[in-house]
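Enquirer: Dropping the structure in here first, questions after.
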């Protein structure tokens with residue numbers, strides 16, 4: 001099968017809002033018609049974008065919330081088990097690392113690895129941080145904020161990932 005290379009001057013109808021899946025974290029998870037023939041699918045039906053936002057919403061994008069009382073990170077890690085995840089607090093950062101060895105899926109064999117690093121607000125009580133993984137693969141990292149009259153404790157430590165049996169509701173802004 002011959003696949004033409006897309007020239008840099010050729011832009012998709014929605015530009016950067018419509019990312020290609022050929023070279024991102026979806027590599028190896030199967031291709032859609034618009035991945036191979038983006039100009040053809042937009043020419044035939046410019047309003048037909050079956051999975052335009054599905055890939056964005058399911059891409060492992062994290063959401064960070066910092067309100068008056070707590071600091072929370074939501075991260076989609078549906079391809080990882082708690083044993084595959086390492087969560088550490090180092091200085092004023094939280095580091096989340098996931099890695100699983102090669103395993104078989106619908107499209108062949110795949111191994112995955114990611115590393116995310118987030119800066120913690122200075123008023124997060126690092127001794128009270130918790131981390132859990134829901135049944136639908138949403139990792140929730142949370143730490144309470146302390147008020148200015150109390151002193152935040154800072155130390156390097158690993159945070160255990162506990163498993164929850166119920167799915168996490170999709171984070172809403």
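From the backbone N, Cα and C atoms, a Cβ is placed for every residue, glycine too.
Reproduced below are the annotations present in Swiss-Prot:
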{"type": "MOD_RES", "residues": "1", "note": "N-acetylmethionine"}
{"type": "MOD_RES", "residues": "6", "note": "deamidated glutamine"}
{"type": "MOD_RES", "residues": "45", "note": "phosphoserine"}
{"type": "MOD_RES", "residues": "50", "note": "deamidated glutamine"}
{"type": "DOMAIN", "residues": "52-164", "note": "domain 'sHSP'"}
{"type": "MOD_RES", "residues": "70", "note": "N6-acetyllysine"}
{"type": "MOD_RES", "residues": "99", "note": "N6-acetyllysine"}
{"type": "BINDING", "residues": "100, 102", "note": "Zn(2+) 1 binding site"}
{"type": "BINDING", "residues": "107", "note": "Zn(2+) 2 binding site"}
{"type": "MOD_RES", "residues": "122", "note": "phosphoserine"}
{"type": "MOD_RES", "residues": "123", "note": "deamidated asparagine"}
{"type": "COMPBIAS", "residues": "146-167", "note": "compositional bias 'Basic and acidic residues'"}
{"type": "REGION", "residues": "146-173", "note": "region 'Disordered'"}
{"type": "BINDING", "residues": "154", "note": "Zn(2+) 3 binding site"}
{"type": "CARBOHYD", "residues": "162", "note": "O-linked glycosylation site"}
Enquirer: For a quick check of packing: other C-beta atoms within 10 Å of the C-beta of the residue listed as 'O-linked glycosylation site', how many?
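Expert: I count 11 other Cβ atoms within 10 Å of it.
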Enquirer: Say you check the Cα of residue 122 (phosphoserine) against those of the recorded positions 70, 99, 100, 102, 162; which is nearest?
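Expert: In terms of Cα distance, residue 122 (phosphoserine) lies closest to 70.
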Enquirer: Tell me whether residue 99 (N6-acetyllysine) sits in a helix, a strand or coil according to DSSP.
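Expert: Where residue 99 (N6-acetyllysine) sits, the three-state DSSP reduction gives strand.
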Enquirer: With every protein chain in view, what's the tally of Cβ atoms within 10 Å of the Cβ of residue 99 (N6-acetyllysine), excluding that atom itself?
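Expert: Around residue 99 (N6-acetyllysine), other Cβ atoms within 10 Å: 13.
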Enquirer: Using DSSP, how many residues of the domain 'sHSP' (52-164) fall into helix, strand and coil, respectively?
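Expert: Helix/strand/coil tally for the domain 'sHSP' (52-164): 10 helix, 60 strand, 43 coil.
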Enquirer: Rounded to a whole angstrom, what is the C-alpha distance between residue 99 (N6-acetyllysine) and residue 107 (Zn(2+) 2 binding site)?
Expert: 19
Enquirer: What's the CA-CA gap between residue 70 (N6-acetyllysine) and the residue listed as 'Zn(2+) 2 binding site' in angstrom, rounded?
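Expert: Distance between the two Cα atoms comes out at 41 Å.
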Enquirer: Can you tell me how many other Cβ atoms are located within 10 Å of the Cβ belonging to residue 100 (Zn(2+) 1 binding site)?
Expert: 15
